[in-house]
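> Have a look at this one.
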Amino acid sequence: MGVIGIQLVVTMVMASVMQKIIPHYSLARWLLCNGSLRWYQHPTEEELRILAGKQQKGKTKKDRKYNGHIESKPLTIPKDIDLHLETKSVTEVDTLALHYFPEYQWLVDFTVAATVVYLVTEVYYNFMKPTQEMNISLVWCLLVLSFAIKVLFSLTTHYFKVEDGGERSVCVTFGFFFFVKAMAVLIVTENYLEFGLETGFTNFSDSAMQFLEKQGLESQSPVSKLTFKFFLAIFCSFIGAFLTFPGLRLAQMHLDALNLATEKITQTLLHINFLAPLFMVLLWVKPITKDYIMNPPLGKESIPLMTEATFDTLRLWLIILLCALRLAMMRSHLQAYLNLAQKCVDQMKKEAGRISTVELQKMVARVFYYLCVIALQYVAPLVMLLHTTLLLKTLGNHSWGIYPESISTLPVDNSLLSNSVYSELPSAEGKMKVTVTQITVALSSLKNIFTPLLFRGLLSFLTWWIAACLFSTSLFGLFYHQYLTVA
């Protein structure tokens, strides 16, 4: 079988690399520990005593004696104390104490490995053009998506465990909002949003009915269109709920990063990075793509500028470039988050009253402690967009070349396979060959049911939906942090 050929070798080599090399040379660790990120250290109690002008306390009458032990009152200092936090570069030792660091490192490093496997497989398919092999890189991409969704689910459940129900209410509210939004989008005709979902589902239903007829069963569609869209909307609502806080956090980091940026080019890239999901959403709006990109009006005539296949390829490349830009701007956003420690201290100085030294230390240390949570909220949507796009290219039978070319198909000689099944092979080896051939026929039948048209429509919609959810939540977060919070 072709399945145990070059692709399996590539998978085994990459598994060995992940086990032997990545623990020593990790991209996830380098993104945090390359020396560009600086975190704020919390002041010690002795430093706070000196700043507050207090001497080391001895035993006083105010101390309580309880079961033979003396409990002293917690030390408090004025909030308007002249405190300046010291910074330090993030090192590998510092990351050991970070919450969710193993999950962050695993997701990023596994994504790198899966992307390399995908690239090698694409080169192999481009030159060798195998027709009877399973594309193992698809399994890697699906694993990446499952890990990203699992991490986002874990982060979302963390908000449900908090005693304060504010975060829980936000997740539930946005979940219902995205469910209604998904149902509304799925009702819109393809004259406005060109996912190809209707065409793909119709092709799936027809192929399934033909398959059932060949098996001598009643020729009914396995699932109705309404049921399909209902369950798809439920899945989309969960994705939207998972992306709620990543979008809200992105908006806050975007505003803080803009305040830190001094160069015009950096500010421009930050704006493009924030609007990247909107650009992705507009790529599937048919009036824009058909009337202004593919057939731009020049005078009284509209001249075709490119074919649909060329535009599909350009759309894939644009999404990948925007994902690369988001990864490049990761450092600016994480540094903007780390600066929240000093920002909280500056805000505290404007308030009246006193604060305990323990609370002050917790307020400063908490920012760095949750650095990997913020990094996951930044990286996970990026990973989902990237690998959904890669799946769209492969399963949707698109091409990477922008020049017109015939789209390759994967023909399966069903007649030859069927003849092999019913050929008489009395030996044990012959029976094994019959079993293998029957499995091959079953897989080819599944290929005829789950066609590229179905995957193209479904994955186009999911890619668009992830970008739409991310932009919706980040836009709401921008409005909230800009106008509804007290500066």
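For all residues, glycine too, the Cβ spot is worked out from N, Cα and C.
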> Quick one: which of Asn34, Asn397 has N-linked glycosylation site in Swiss-Prot?
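The N-linked glycosylation site feature in Swiss-Prot corresponds to Asn34.
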> Would the transmembrane segment (265-285) count as touching the transmembrane segment (169-189), i.e. at least 3 C-beta pairs under 8 angstroms with sequence separation of 6+?
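Between the transmembrane segment (169-189) and the transmembrane segment (265-285), contact is absent.
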> Cα of Asn34 (N-linked glycosylation site) to Cα of Asn203 (N-linked glycosylation site): how many Å, rounded?
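Per the Cα atoms, Asn34 (N-linked glycosylation site) and Asn203 (N-linked glycosylation site) stand 50 Å apart.
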> Relative to the transmembrane segment (228-248), which of 265-285, 367-387, 459-479 accounts for the most Cβ pairs at distances under 8 Å?
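Going through each listed stretch, the top one turns out to be 459-479.
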> Sorry to bug you, but what's the C-alpha spacing from Asn135 (N-linked glycosylation site) to Asn203 (N-linked glycosylation site), rounded to the closest Å?
22
> Just name the winner among Asn34, Asn203 (the glycosylation sites) by count of other CB atoms within 10 A of its CB.
Asn203
